[in-house]
Amino acid sequence: MQIALVLLAIYGTTTTNTLRIDQCGENALGMQNGDIADSQITASSSFDKQSVGPQNARLHSELASGAWCPKPQINSKSYEFLQVTLNDTFLITSVETQGRYGNGTGREFASHYMIDYLRPGSQWIRYKNRTGHVYMDGNFDTTTPVIRVLDPPIVASRIRFVPSSKNTRTVCMRAEIHGCKHEGVTYYSTVPDGSRLDTLDFKDSMFEDSQIYTESGIKRGLGLLTDGFVAQASPFEKNQMNNSWIGWNRDTTDGRITILFEFEEVHNFTDVVLATFGNRIDGIDVIFSQDGKTFPLFSQISSSERQSLNNTSRRYDFRVPLHNRAGRKVRISIKFSSDWMFLTEVHFTSAANLTLLSEKIPPPSSAATQQLLVVCGIIFLTIFACVAYCVSVCLKRRQKNKSVDSNVKKDLIITHMGNKPTCHVFPSNGKLSNGHYEVANDILYARSQKSTLLSVSSKSTFSCRAIPPTWTDFNFPPPPEGREEHTYSQPVSPENSSNGSYKSVRKIQALKKYPSSALLIGKAIGEGKFTMIKECIIFGGLKCAHKSTKEEDCVHGTRALGDEIACLLQCGRHPRIVELFGVDESYNLLLEHVEYGCIRNFWMASEAPLDTEFLVRICKDIYSAMAYLESIRIVHGHFTPNNILMDGEFHAKVCSPRGPSHHAQLRYSAPESIVNNEFTHKSDAWAVATTVYEMAYQCRQRPYEELTNEQIVDNACALLDHQPNAVVPLMPTVFNYEILQLLTRCFRVDQLERPTFERLVKPFQD
């Protein structure tokens, strides 16, 4: 038996290995459609990685908060960038940008930007266009995509968008890149680099500032000879710009020039065409190198132009057949005898080189055949074992998911009560899975800022199917607006005091469930963003507050209820924390009814100012509740006056502990919460002290009353940077010295310098 072994070596179909822009088209490279993966999109910084990280900078996409936004504000001296790493070297013909629309919440865009790029073997290069400008005109609003054609185009494997602004401002971007794969020249160098004679300057004015050189010190890069533009007019015409031709004068060059072209890979070349201007080229020598170092003489091809009777200078193409010579570098030496020799473009063309090797091989022996069968059998068994293992793992996971579906009906939770308090929610983990935390002294930090978002059906069932986050899952818009209070979130799960996991299924099953027939639901007494609270009487006369979603199929409200119940189940009963009685058949919450509602409404309704003794007693109740939450490692996360309810005996109760995973009102948030999205017991200490500050003014003066939301964010940054112009609330002198000192320490920028709630509650108890 004879086996014919055929080796087919293909070096590529017929292609032009220089910039042929007309053949490239305007293909989008994948920012919008996802061909460019999230891992390929990075940035120098992000205001918040999840909501406005670089992965959200996709054109025409409303991911998370709608764009990439750098952490600092942008000015003319900034260097913040959005970087896209491509899988290969591409010819980039245009770029397209948008601002941050954020489904109507965004107002940020880049009016100007610069482009940096690199390719294999280069450093970062700042792009300049044919007229020498480096600034690109960007966007004028947040929605309209603006495309900018790159003239000359860019050859790059990585590209950076660098926003710039004359005035310091917040900037956000989305982007797309257009072009095609590049297989042509990656670098060239000329000796000499063009001639300058009197007022005539024909050097390569568009040559890249690549800062890379040959061994002999000649600068390497791309420029006029590979920009895809072929000039037709004479270089001496007055309206002809000198950035279309490179010219060499015979007197300054002795009529000899050398150009070295470099490619990423070895090519088989069929011809090279020189787009030139003059009366004749005396001779051309083309020599090839496959290893990039040696140029063997046997590879050299020489050509000359026929003598012409017409000595008039003209624009013409000079073609040299290259006979499928192989090379990674090509060196062209040109001789000319006219006064000037000009080039505007050099085109290489390569063609497929098919090498067929047919070789007769003797038939294998029986022993060799047996060995081959054994090897094939082992490979087959290995593949079969792997497939069987994967199938078994999938079946186990499916069974596990079914068991969870049958045990857990819905992820639940409560929010605060009172007259129209602010209520925001975040995407919760339906399974109430283990939180990941580290404890440093008495501070509870979340280690992971990512959460798996679990789908919740409209039929009160629970599913462990992971779904990707969308912009509605985040309430952390990076640039603050001046009209409404902003909220900030850190999507992680609260931690259990003992081992970091809730026994959620058992506790939910242990919750008392009341049938609808046993409930008499009355008028509304409060509402949040997705939830509402109504008066309710349970059969037997027990008065409570009925908490439900505003809309039946509101996923966000359902998640909010589920997240709050997780914290309340861990809290158990505490005299200063609102109690959870149970749920109804639809898993709406039945909460302790607190007679006078929110402390702010209570205080505003009081005809006469309340005395300091009453304020101290309220503070004692608050700090008692917060010290208990601290002891079981629950971070409240969004403390404001709306979270303090007044009962019939004029004691305060804290409601809506949500863990470090939820939102805080901007004016009550610690600087690390605003800037770094970090929520701990120490940030709670800041928020509670800010609430006490407002109560000390009878709830008639908001914190930072004179500052806009934008200025509050700037102030938080200034605090973290220890700038002297930063401000903090100044506590009024209505308390004794010890309490005043402790409350003042709550506004320390260094979290470790803030007192614990255990320490804060002591002077109020005394």
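Each residue's number is its place along the chain shown, starting with 1.
Note: Cβ is positioned from N, Cα and C throughout, glycine not excepted.
From a predicted model like this one, the values you see are computed outputs, not experimental measurements.
When the candidates CYS24, CYS69, CYS172 are compared with Swiss-Prot, only one is recorded as disulfide-bonded to CYS180, and it is CYS24.
Per Swiss-Prot, the ATP site holds ILE525, GLY526, GLU527, GLY528, LYS529, PHE530, THR531, MET532, ILE533; the candidate it also names there, chosen from LYS547, LYS620, LYS653, LYS682, is LYS547. Contacts of CYS24 (disulfide bond) defined by a Cβ separation under 8 A and a same-chain sequence distance of 6+ are given as LEU91, THR93, PRO153, GLY179, CYS180, in order along the sequence. Cα proximity to ASN268 (N-linked glycosylation site) (within 10 Å) is found for none of the glycosylation sites ASN87, ASN103, ASN129. Residues within less than 8 Å, Cβ to Cβ, of ASN87 (N-linked glycosylation site) and separated from it by at least 6 positions along the same chain comprise GLN40. In this structure the C-alpha atoms belonging to ASN129 (N-linked glycosylation site) and ASN103 (N-linked glycosylation site) are separated by 34 Å. Neighbour density at the Cβ, taken as the number of other Cβ atoms within 10 Å, is lowest among the glycosylation sites ASN103, ASN129, ASN268 for ASN103. Across the residues of the topological domain 'Cytoplasmic' (394-766), the predicted structure has a mean pLDDT of 73.
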